[in-house]
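A.B. asks: What follows is a structure written as structure tokens; I'll ask about it next.
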Amino acid sequence: MASSSRFAALLLLALPALALPPSQVVPRAACATPSTVPGYNNDRLPDPFLFDDGTAVTSSADWDCRRSQIAAVVQGYEAGYLPPQPPIVSATFSSSDGTGTLTVTAGLSSDNTISFSEPITYPSGTAPAAGWPLVIAYDVLSIPVPDGIAVMVYNNDDIAQENDLSSRGVGLFYDLYGTDATASAMTAWVWGVSRIIDALETTPAANINTAKIAVTGCSRDGKGALMAGAFEPRVALTIPQESGSGGDTCWRLSKYEQDSGDVVQQATEIVTENVWFSTNFDNYVNNLSVLPYDHHELAAMVAPRPLLSYENTEYEWLSPLSAYGCMSAAHTVYEALGIPDYHGFVQVGNHSHCYFPDTLDDSLYAFFDRFLLDEDDVSTDYFTTNYQFNGTVWNASYWINWTTPQLD
């Protein structure tokens, strides 16, 4: 089955790119945002400081437009269409003994609605005047959270199922938008996070400061958390943990690792495993050079908001060189914006997958303290790796072959 899927993908490469209809490109800025870039071909990491037409990004206002372009092509090639807020969004809230339940109803019409409920665990004590900061954890909380921050465990599988390829089109999102919606499971999860924030903004009883929301998750849920931070601008802090292929690694770099003899997950395999990407991505996994973006630009979409990624070199499958190289490339955007300490990356080994060793607490708590708890005197200058890349050589000047501008 996997071989036939790859053969079909090779045939489909001869077809024109499957662009989203103009009405289905999310409008995010007053600039051209095509969902495909015909004729693009680049074996190295694409320059994030070039617009689709090849002109240079020279200001922070330009970056806003460039971010919108990246959002459009990520949807067009791999993620599928992310719908905007539907016309119906409402919420109810109940609480008891330090916990609460937020029930969100979203719909396209009065006879086409869905509802889902998410639990919130609150800190002890008196809430700040603006409400509690909140961490939204995909599926399960796998990192420590300091005192003074509420936690919601997001049941993202209810929104879009992800058991295997048979999960395509299964979940509440598809009950609303149809089983033929192009959105991948991860895109549907982003939509769910956005509806949760919509609901919290109009539910004062929940007592959440919606300007101080973080998202996190590990492994497949780390991929989802990065997507949420990239596409939902109301997320104040994004913390993907060991997201590996399809997360904070780059497709081109993971292929380079595989070609170097490393046993890593890369694009041709991941599309046969689950429904994290749209079916359209199958058309490109054997010809990655035609992608006018890579995941350094997905991560850079979070900018200028803070991003903290954790990776684990204990697991070759997670593409350790790809993660470091990809986030190094994303880091150039934060440098260009004059906020390099808004982007953290910590890569260590010697621990189990999704286990969070206490040696990482300092970096994590620094980002929480500074960006959710408003402690201004905290340093968030963390960008480190142990360079355990299984003997594969990282050549920064080859892969990151652009000059980082200063964006005023």
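Cβ from N, Cα, C; glycine included.
Annotations for this protein, taken from Swiss-Prot, read as follows:
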type	residues	note
SIGNAL	1-19	signal peptide
DISULFID	CYS31-CYS65	disulfide bond
MOTIF	217-222	motif 'GXSYXG catalytic site motif'
DISULFID	CYS218-CYS354	disulfide bond
ACT_SITE	SER219	active site, nucleophile
BINDING	LYS223, GLN265, GLU273, TRP317	substrate binding site
DISULFID	CYS250-CYS326	disulfide bond
CARBOHYD	ASN287	N-linked glycosylation site
CARBOHYD	ASN350	N-linked glycosylation site
ACT_SITE	HIS353	active site, proton donor/acceptor
CARBOHYD	ASN390	N-linked glycosylation site
CARBOHYD	ASN395	N-linked glycosylation site
CARBOHYD	ASN401	N-linked glycosylation site
A.B. asks: What does the structure give for the C-alpha distance between CYS218 (disulfide bond) and the residue listed as 'active site, proton donor/acceptor'? Integer Å is fine.
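C.D. replies: Rounded to the nearest whole number, the Cα-Cα distance is 9 Å.
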A.B. asks: For CYS354 (disulfide bond), find which of the recorded positions CYS31, CYS65, SER219, GLN265, TRP317, ASN401 come within 10 Å, Cα to Cα.
C.D. replies: SER219
A.B. asks: By DSSP assignment, list the helix, strand and coil residue numbers for the motif 'GXSYXG catalytic site motif' (217-222), in that order.
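C.D. replies: Split into helix, strand and coil, the motif 'GXSYXG catalytic site motif' (217-222) gives 3 helix, 2 strand, 1 coil.
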A.B. asks: Which state, by DSSP, holds LYS223 (substrate binding site): helix, strand or coil?
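C.D. replies: Looking at the DSSP assignment, LYS223 (substrate binding site) belongs to a helix.
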A.B. asks: With every protein chain in view, how many other Cβ atoms are within 10 Å of the Cβ of CYS65 (disulfide bond)?
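C.D. replies: By my count, 18.
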A.B. asks: Looking only at C-alpha atoms, tell me how far ASN390 (N-linked glycosylation site) is from GLU273 (substrate binding site), rounded to the nearest Å.
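C.D. replies: Cα-Cα distance, ASN390 (N-linked glycosylation site) to GLU273 (substrate binding site): 25 Å.
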A.B. asks: Which one is it, among the recorded positions CYS31, SER219, ASN287, HIS353, that lies nearest to GLU273 (substrate binding site) by Cα separation?
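C.D. replies: In terms of Cα distance, GLU273 (substrate binding site) lies closest to SER219.
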A.B. asks: Going by C-alpha distance, which of the recorded positions CYS31, SER219, TRP317, CYS326, ASN401 is nearest to HIS353 (active site, proton donor/acceptor)?
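C.D. replies: Nearest candidate: SER219.
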A.B. asks: Across all chains shown, how many C-beta atoms besides its own are within 10 angstroms of the C-beta of LYS223 (substrate binding site)?
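C.D. replies: Excluding its own Cβ, the number within 10 Å is 29.
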A.B. asks: Measuring Cα to Cα, how far is CYS65 (disulfide bond) from ASN350 (N-linked glycosylation site) in Å?
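C.D. replies: Answer for this pair: 41 Å between alpha carbons.
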A.B. asks: If we check Cα distances from CYS250 (disulfide bond), which of the recorded positions SER219, GLN265, TRP317 wins as closest?
C.D. replies: GLN265
A.B. asks: Where ASN395 (N-linked glycosylation site) and TRP317 (substrate binding site) are concerned, what is their Cα separation in Å, rounded?
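C.D. replies: Each residue's Cα considered, ASN395 (N-linked glycosylation site) and TRP317 (substrate binding site) end up 20 Å apart.
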A.B. asks: Test of understanding: give the count of other CB atoms lying within 10 angstroms of the CB of ASN350 (N-linked glycosylation site).
C.D. replies: 11
A.B. asks: Kindly state the mean pLDDT of the motif 'GXSYXG catalytic site motif' (217-222) in the predicted structure.
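C.D. replies: Overall, the motif 'GXSYXG catalytic site motif' (217-222) comes to a mean pLDDT of 99.
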A.B. asks: With every protein chain in view, what's the tally of Cβ atoms within 10 Å of the Cβ of HIS353 (active site, proton donor/acceptor), excluding that atom itself?
C.D. replies: 15
